[in-house]
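Copied from TrEMBL, the annotated features are:
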TRANSMEM  21-43  transmembrane segment
TRANSMEM  55-74  transmembrane segment
TRANSMEM  81-99  transmembrane segment
TRANSMEM  105-128  transmembrane segment
TRANSMEM  148-172  transmembrane segment
TRANSMEM  178-197  transmembrane segment
TRANSMEM  218-237  transmembrane segment
TRANSMEM  257-287  transmembrane segment
TRANSMEM  299-324  transmembrane segment
TRANSMEM  330-351  transmembrane segment
TRANSMEM  363-390  transmembrane segment
Amino acid sequence: MNLEMEQKRKSRSLKDINTKNISAGVVSGLLAATGPPVIILQAASNGNFSNEQTIFWMFSVYVFGGLFSIFLPLYYRIPIVGAHSISGVAFLATVAPHFTYSELIGSYFMSSVIIFLIGILGLFSRLLKYIPKEIIAAMLAGLITNYVVRFIIGLHHLPLIGGVALFVYFVFSKWNLRIPPVLAAIFTSFLLLFLTQDFQQYDKELTFVLPYIQYPDFNWLSILTVSFPLALLILSNDAAPGIGALEQNDYKPPTNRIVTLSGVFSMAAGLFGGQSANVAGMMSAICSSHEAGEKDKRYIAAIVSGILILLFGVFAWMIVPFINSLPNDFVSLLAGFALLGVLGSSLNLSFSKQKMTMSVTFTFVIALSNIIVFYISAPVWALTIGAIIANLVEKEKM
């Protein structure tokens, strides 16, 4: 009986495939595979990761993110897309230099445990009420501002590539074309790089690296400084928008189960060197939108996206050396394009309430400063001080 039901499900899945859900899935998958890998490499460089450790990071977040995107849509028949947290990577770029590799692995795992517990205890919606979303958005904006500043510097050093790509970004933004502006800009950048630069793809012979489990080291400082902020960023900037996009498109997603499984898949990714494998915001929005075709068949878009993301992770041993061979200014351009929209939406949300101007300003500036006080990093101080100001100084105004 179970075998017969499984065969019917497989048969239905094949019949549900069409050009619209495939194209939406391809766009979603390519979005995950363009800008975010560059930010991973920059964060790994800040943390002095070895080439092997960087490959492990890339492998784990994309392979387990891809598996998330395949299994959940197949089971729930809704377009739940999994990937890794780009805001989490931007955060890790600021704290990675202050911890050993094993401590970071331990903090990734504990962050996943926190997400898992929040999901299984049904605390997701309640948790986000204690720390205003405006404060979290201001912290994220402070973390990624330097990336966008370096984007402007890269634009200055590579005016032809950067200028044309930026023009394409504006065109796709203005006319709201089906291809995301960041994807169009990044493809334009690569095309112009190959046409205008004497580009050497690889200086060294490629060597296959087989990922294996990384051993974590747990301590209270890394859990406080890395695990809690990372979990908050994933929940507020990935889980909330992703689940919200599904609800906006008339789905009834199993919210607590999605959060719980984000924790489970992130635990697996953490043990192989990655920070998370969770429900994705932007990609879930693409795959659940009307452009992905009939509502009951849009889950195919998430599966297609997951397959592309999975393949990207499998070939991390080739992709990491390729990105490392790119010019530094070009890498800054790619990272900037990937984060322009994130910065804009974060600033917009941060200052959306005039009564919270003081708290979000302090949060933004502290996160931007990248200071460390009593071995505690700037993002933690930014969240703490911002939340205190919001709840004690501005509470009556709110």
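Just so it is clear, glycine is given a Cβ too, placed from its N, Cα and C backbone atoms.
TrEMBL: automatically predicted annotations, no manual curation.
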For the transmembrane segment (148-172), the candidate among 55-74, 257-287, 330-351, 363-390 having the most Cβ pairs under 8 Å is 330-351
Let me check one thing: do the transmembrane segment (257-287) and the transmembrane segment (81-99) come into contact, meaning three or more Cβ pairs under 8 Å with sequence separation of at least 6? yes
Cβ under 8 Å, sequence separation of at least 6 from the ends of the transmembrane segment (178-197): give me the contacting residues as numbers and ranges. 23, 27, 30-31, 34-35, 160-162, 164-166, 168-172, 282, 286, 291, 326-327, 330, 333-334, 337-338, 340-341
Stretch winning on C-beta pairs under 8 A with the transmembrane segment (299-324) (pool: 81-99, 105-128, 218-237, 330-351) is 81-99
Contact set, same chain, for the transmembrane segment (363-390): CB under 8 Å, 6 or more residues outside the stretch: 91, 94-95, 98, 130-132, 134-136, 138-143, 145-146, 221, 224-226, 228-229, 232, 350, 356, 398
Looking at the stretches 55-74, 105-128, 218-237, 330-351, which one shares the most CB pairs under 8 Å with the transmembrane segment (81-99)? 218-237
I'm a bit unsure how to read this: which one of 21-43, 55-74, 218-237, 330-351 has the highest number of Cβ pairs shorter than 8 Å with the transmembrane segment (105-128)? 218-237
Per the 3+ Cβ pairs under 8 Å rule, pairs at least 6 apart in sequence, do the transmembrane segment (55-74) and the transmembrane segment (21-43) touch? yes
Within the same chain, where does the transmembrane segment (21-43) have neighbours whose Cβ lies under 8 angstroms from its own Cβ atoms, ignoring anything closer than 6 residues to its ends? I mean 6 or more beyond. 54, 57-58, 61-62, 65, 81, 83-84, 86, 89-90, 92-93, 96, 147, 178-180, 182-183, 186-187, 280, 282-283, 286-287, 289, 291-293, 297-309, 312, 319-320, 323-324, 331, 334-335, 337-339
For the transmembrane segment (218-237), distant same-chain residues with Cβ under 8 A (at least six beyond the ends): 85, 87-88, 91-92, 95, 98-99, 103-104, 106-112, 114-115, 118, 124, 127-128, 131, 133, 136-137, 139-140, 259, 262, 266, 275-276, 278, 281, 375-377, 379-380, 383
